[in-house]
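Below is one structure, written out as structure tokens, with a few remarks after it.
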Amino acid sequence: MNTMDNSHDASGSTPVLRLQRLDADLPLPVRAHPTDAGIDLHAAHDCNLAPGHRMLVGTGVAITLPAGFVGLVHPRSGLAARAGLSIVNAPGTVDAAYRGEIKVNLINLDPTDTVHIARGDRIAQLLIQRVELWDVAEVEELDQTDRGTGGHGSTGGHARLT
Ligand SMILES: O=c1ccn([C@H]2C[C@H](O)[C@@H](COP(=O)(O)OP(=O)(O)OP(=O)(O)O)O2)c(=O)[nH]1
Ligand SMILES: [Mg+2]
């Protein structure tokens, strides 16, 4: 495989993510099932997260994406349900031109229990999506719409606060 060619495979076959392992002893990130959306990312080191605490955890991998694509670092629902583990900036944005190690800003949202992460644990999942790159043009006025400036619950039906 030509490691310099980072173009998206337009032939109709599954695109290939060019991924560099910065830590050869960690497992290669893969999809748990062939059609899963996310590629599971592993923790590069142990960490203990007390309730409410957060930590930037390396994954030991770097990737190359062509322009027009983005990597999104999503939490894993099992860890969220079982341990209250999430990601501070979910989903994290991995820019196409970023060549550094992908890191995950984990946070323990459980009110009472510490979360123990071991090196090699699957802590997050990477989704790759197309993204449109828009230029910005400043205007004096915006077009009129029915919604106008109404937002943040303007249509009602939201939960009551106690
Ligand atoms: O969960 C994440 C989010 C980001 N990144 C890396 C890749 C991304 O391309 C870079 C910058 O991310 P972002 O643009 O979200 O952060 P920023 O605070 O705007 O930093 P910068 O000024 O470097 O753009 O950090 C990660 O490794 N993991
Ligand atoms: Mg940025």
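Note: Cβ is positioned from N, Cα and C throughout, glycine not excepted.
Note that this is a predicted model, so its numbers are computed, not measured.
Here is what TrEMBL says about this protein:
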BINDING   ARG76, SER77, GLY78, ASN89, THR93, VAL94, ASP95  substrate binding site
DOMAIN    27-156  domain 'dUTPase-like'
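Features as recorded by TrEMBL, highlighted on the structure.
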residue: ARG76; record: substrate binding site; DSSP (3 states): coil
residue: ASN89; record: substrate binding site; DSSP (3 states): coil
residue: VAL94; record: substrate binding site; DSSP (3 states): strand
Annotated binding-site residues SER77, GLY78, ASP95, filtered by Cβ under 6 Å to ligand 1: ASP95
Same chain, 6+ residues apart, C-beta under 8 Å of the C-beta of ARG76 (substrate binding site), given in sequence order: GLY38, ASP40, LEU85, ARG122, ILE123, ALA124, GLN125
Integer average pLDDT (0 to 100) for the domain 'dUTPase-like' (27-156): 98
Largest CA-to-CA spread of substrate binders ARG76, SER77, GLY78, ASN89, THR93, VAL94, ASP95, angstrom: 26
Around the Cβ of ASN89 (substrate binding site), the count of other Cβ atoms that are within 10 Å: 10
Residues satisfying Cβ distance under 8 Å from THR93 (substrate binding site), sequence separation of at least 6: VAL70, GLY71, LEU72, VAL73
Sequence-distant neighbours of SER77 (substrate binding site) in its chain (C-beta under 8 A, six or more apart): none
